[in-house]
Amino acid sequence: MAASIPVYRRLTRTLVTGRRWVLVAMLLTLHAALIADPTGAFQRIWLLVHFGLFLLWQPFFAAELELEVFSLVLLVAITSLILYFLAGWMLVMWISVLLGILGGKVFTVRAAQLGHVAYLVAFSYLLTLLLLWAVPALLLAGPEIPQPLPFVAKSLLPFVLLAIVLVPTAPEEQPGQVFDFFYAVLIFQLVVVLVLGSVALMRYTEGLYYPSVALTVSGFGIGLFVLAVLWAPRGGFGGLRTYFSRYLLSVGMPFEMWMRRVAELAETEPDSQRFLQLALDEIATFPWMRGGNWKAADGEGTFGKPDGFTSRFTFHGLELTFRTAVRLSPALFLHLRLLAQVVGEFHEGKRRESLMRRNAYMQAVHETGAQLTHDIKNLLQSLYALTSVAPRGNEATTAYAGLLQRQLPQLTRRLHATLEKLRAPDATAADLQVDARTWWAEVEKRHAAPGITFAGRVMPGAMVPASLFDSLIENFLSNARAKREREPAVEVTVTFVADAMYCDLRVTDTGSAVPDAVARALFREPIEGTREGGLGIGLYQVARQARVEGFRVELASNSDAAVCFSVQREASVRSTSSSPSSQDSSRTP
């Protein structure tokens with residue numbers, strides 16, 4: 001399997017896993033170039049090898065990437081020009097660049113790993129080589145280097161690199177992910193200032209280089225120590241880092257005041273377009289802002305003046321165009337993008353809030369229509385039942401007349417309630433309370449049928465909401481009758497227990513149990529696909545109405561031969577374990 005892997009792939013994998021060896025080789029070839037004869041052939045050869053190793057080690061691009069032809073030609077041309085016009089100041093600047101790159105690696109490798117130790121050793125070695133040998137030998141080329149510094153720089157200093165090999169290190173991540181450009185630029189500038197400061201102080205040290213280096217390094221040390229103390233002082237003070245962070249977060253802008261104003265607009269302005277216009281008007285008050293425009297799915301608009309430098313941002317389908325009086329710096333661009341994102345998020349929230357209000361209104365209309373449709377369906381079923389038992393011709397009977405006398409008042413009351421819902425669909429008036437004994441007696445008469453047993457115990461003073469309980473008993477018995485059509489042997493028992501504080505209505509049948517999937521969703525949402533077996537939207541509607549009235553509808557028992565639907569007052573604290581055998585009245589048609 002290993003033989004099938006190309007050679008360059010195996011070489012790339014070796015270079016990625018052994019980057020510290022490449023680092024050591026790169027520094028050693030640079031050391032050899034520095035101690036070779038200036039502008040000699042050996043110096044150019046060692047530098048050429050050094051640049052090649054640097055390309056393998058550099059932290060900007062992955063080593064396994066293939067270079068394009070144009071990039072390769074450009075790289076070769078630049079390297080050739082540097083090697084041809086080789087000068088001492090070029091090598092000093094190159095060492096300063098390497099120190100900046102190593103500094104960016106030192107500050108970004110996690111301290112939990114030991115990889116930062118290797119880069120710290122390499123950084124110390126390169127800085128010492130720069131100050132002890134490169135600057136006096138290549139840049140100044142005038143004063144003689146006192147002994148034994150040449151011996152230390154040429155022969156002893158490379159042994160420091162052994163620490164890079166001997167110190168254990170954890171596996172590195174991809175090199176492009178562990179480099180900080182900000183730290184690299186900062187350290188590069190500090191190194192350049194250190195070198196130039198050392199050269200400038202030679203004027204006050206009678207042309208002696210190393211005393212000026214000592215003074216410059218001492219001054220740098222004292223200055224960095226004072227800066228570190230002021231940056232993060234002890235005793236709970238914020239220090240300079242607090243002001244620096246505040247500047248980075250504001251960039252001279254009243255960001256906190258703008259955010260507070262936007263939050264107030266978000267609370268008081270429900271319309272998304274109006275909120276967007278007011279928020280952008282607040283941005284237009286910034287001194288560097290000229291104006292702009294916005295465009296969304298629900299409209300567009302402008303603010304301020306239509307001139308200046310243009311910047312565009314898009315968040316959640318909202319396109320914002322800002323025009324500023326000055327060209328945006330990177331920091332100001334990031335802050336403006338943050339402002340645009342805040343406006344976009346608030347606008348999207350307002351838009352979704354408006355959509356939810358419309359959906360809630362449509363849902364209310366749908367549910368009201370579904371409830372009215374269900375009530376009308378029950379009325380039509382009752383009328384159909386009355387007309388289906390009507391005698392033919394002139395065979396009017398006393399029994400049918402009595403049935404009409406019992407049913408027509410009930411149908412009239414239910415029709416009146418349905419018409420009231422049509423006139424005021426949003427009305428939430430409480431249901432009409434009637435005497436429980438009267439209501440129960442009418443239920444026994446109205447729903448008397450073979451296979452249905454009624455049993456009740458009603459105490460004086462008990463009241464029930466007539467319309468709600470009529471809808472409940474209609475739905476329960478309608479579902480039971482539908483089950484009897486599939487299972488003719490099913491027996492239905494209706495029990496009712498009520499007093500002044502307690503109410504319990506139960507409809508039990510001896511049929512098969514309700515499927516678990518249907519039982520879990522029962523009374524919580526409309527049940528689809530149950531037209532033949534009942535349990536459709538009717539139970540969902542009456543369960544919602546019951547919750548409004550303070551009752552709880554549930555499937556009290558769900559097993560074969562014992563399926564029980566119950567309605568109880570939610571505020572009740574009494575036990576619901578009443579049995580039909582202990583009730584006062586029972587009747588089986």
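Each Cβ is built from the backbone N, Cα and C atoms, and glycine gets one as well.
What TrEMBL records for this protein:
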type	residues	note
DOMAIN	471-560	domain 'Histidine kinase/HSP90-like ATPase'
TRANSMEM	20-36	transmembrane segment
TRANSMEM	69-102	transmembrane segment
TRANSMEM	114-139	transmembrane segment
TRANSMEM	151-169	transmembrane segment
TRANSMEM	181-202	transmembrane segment
TRANSMEM	208-232	transmembrane segment
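For the domain 'Histidine kinase/HSP90-like ATPase' (471-560), the DSSP counts in helix, strand and coil order read 35 helix, 23 strand, 32 coil. A contact links the transmembrane segment (208-232) to the transmembrane segment (114-139), because at least 3 Cβ pairs that are 6 or more residues apart lie under 8 A. For the transmembrane segment (20-36), same-chain residues at least 6 beyond its ends with a Cβ under 8 Å from one of its own Cβ atoms are 42-43, 46-47, 49-50, 53-54, 56-57, 91, 95, 98, 118, 122, 125-126, 129, 133-134, 137-138, 153-154, 157-158, 161, 164-165, 169.
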